[in-house]
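For His16, Asp175, Gly176, Lys177, Lys251, Phe252, Asp260, Arg266, Lys267, Ala283, Lys287, the entry in Swiss-Prot reads ATP binding site, with the evidence type sequence analysis. Residues annotated as Mg(2+) binding site in Swiss-Prot: Asp18. Summarising the annotation, Swiss-Prot assigns K(+) binding site to Glu44 and lists sequence analysis as the type of evidence. What Swiss-Prot lists as L-methionine binding site is Glu57, Gln100, Asp260, Lys291, and the listing cites sequence analysis. If you look up Swiss-Prot, you'll see 100-110 marked as region 'Flexible loop'.
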Amino acid sequence: MSKRYLFTSESVTEGHPDKICDQISDTILDALLSQDDHSRVAAEVVVNTGLVLITGEITSKAQVHFVDLVRKKIAEIGYINADNGFSSNSCTVLVALDEQSPDISQGVTAAQENRELLSNDELDKIGAGDQGIVFGFACNETPEFMPLPISLAHRIARRLAAVRKTGELSYLRPDGKTQVSVIYEDGRPVGIDTILVSTQHDATIGDITDNDLVQQKIKSDLWEAVVQPVFSDLEIKPDANTRYLVNPTGKFVIGGPQGDAGLTGRKIIVDTYGGYSRHGGGAFSGKDPTKVDRSAAYACRYVAKNIVAAGLADKCEIQVGYAIGVARPVSLFVETFGTGKVADDVILDLINKYFELRPAGIIQTFNLRGLPSERGERFYQDVAAYGHFGRNDLDLPWEQTDKAAILKEALTSAVV
């Protein structure tokens, strides 16, 4: 008998309060690394009605006007009208930053760190910026090697923002959330059970003032302008049995920071795999690459994606453990959920042979310090909304599958 079940993942738009904070944190990171690529950054942001607070620890030679950066990013997201309860021009921006603790810095700093290319021995001398566990995951459910539920939730969220920004649905406001429940049979997606969209909107639409009629129009417009285009190129589509919910509370006029306070790092499941894979608990945004919460999670995704792309497994999850001030991981674990074409121990040996998981090595391999300046002072802020993984719209080093051929060849040689 086949096993049938549902799995649900959610996403949020760039105007969600927590995502505003993530994007501001990473905009600050981009600006600092663009001027000083060895900046140490742990930028935390809080937003509330009419207020932005920047706090955390930063050690950098860069000269950055934080208030201007914040206002520009808020305007880019779409909060330019005080009627939304939050505006780039009128919000108060407070800055309360400290320098990184020297007790932490001494564990991750080495004399060789400022060199562009480090030897193997030198990489061993630069430790992790903190203890922690990180996970990476990939599967072959989608072309981008991501689970289908989070892939669809992100697609809908991005499309929702796009039709707002282009003016196609000009009554939409920046805040929004999406959620998709996918039907699985024997571990493979076969259909769509539920699509949920909650979107902030104007109280009236043209001459329509009755809220029930407003909601009817929003629901109809979103189906035509958002949902149908998202599924147009996919084999799995909504059908007559799919539940389609829009603003199920009845309306969503008050939103953004006026509706809820936001905080950096509160959407870690949205940022990763939508709950389909485990999470080590550390957030990404606002952290420079010495923080393994971020850089090592990117590396683990790279490892898992190449393993699946090489055909060694249909699903692969990697866990790596780190100790502060220690370069080499204290643990490495592989799980293929019974889908591996070879034993997990064989895959583990291939990872140890072909992948770099020391923090300084990860930074060097992916050029994580240099990318912001190379890409016009914006790199990390572009992954701060709509997911850090599976982003075929961005050229991300950890999304490359350049090791897949090497893994295939190594495995073939070992078998022969």
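All residue numbers here begin at 1 and follow the chain in the order shown.
Each Cβ is built from the backbone N, Cα and C atoms, and glycine gets one as well.
What Swiss-Prot annotates, mapped onto the structure for a quick look.
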| residue | record | DSSP (3 states) |
| --- | --- | --- |
| His16 | ATP binding site | coil |
| Glu44 | K(+) binding site | strand |
| Glu57 | L-methionine binding site | strand |
| Gly176 | ATP binding site | strand |
| Lys251 | ATP binding site | coil |
| Asp260 | ATP binding site | coil |
| Lys267 | ATP binding site | coil |
| Lys287 | ATP binding site | strand |
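Closest to Gly176 (ATP binding site) in space, going by CA atoms and restricting to the binding-site residues Asp18, Glu44, Glu57, Lys291, is Asp18.
Shown are the binding-site residues Glu44, Glu57; the one with the most C-beta atoms within 10 angstroms of its own C-beta is Glu44. When the Cα positions of His16, Asp175, Gly176, Lys177, Lys251, Phe252, Asp260, Arg266, Lys267, Ala283, Lys287 are compared pair by pair, the longest gap among these ATP-binding residues is 36 Å. Cα of Lys287 (ATP binding site) to Cα of the residue listed as 'Mg(2+) binding site': a distance of 16 Å. In sequence order, His201, Ala203, Asn211, Val214, Gln215 are the residues of the chain that are 6 or more apart from Lys251 (ATP binding site) and have a CB within less than 8 Å of its CB. Long-range Cβ proximity for Asp260 (ATP binding site), meaning a same-chain Cβ under 8 A and a gap of 6 or more residues, is found for Pro17. It is 8 Å from the Cα atom of Glu57 (L-methionine binding site) to that of Glu44 (K(+) binding site).
Per-residue pLDDT, averaged across the region 'Flexible loop' (100-110), gives 54.
Counting Cβ atoms from all protein chains shown, Lys287 (ATP binding site) has 27 others lying within 10 Å of its own Cβ. Compared over the binding-site residues His16, Lys267, the count of CB atoms lying within 10 A of a residue's CB peaks at His16.
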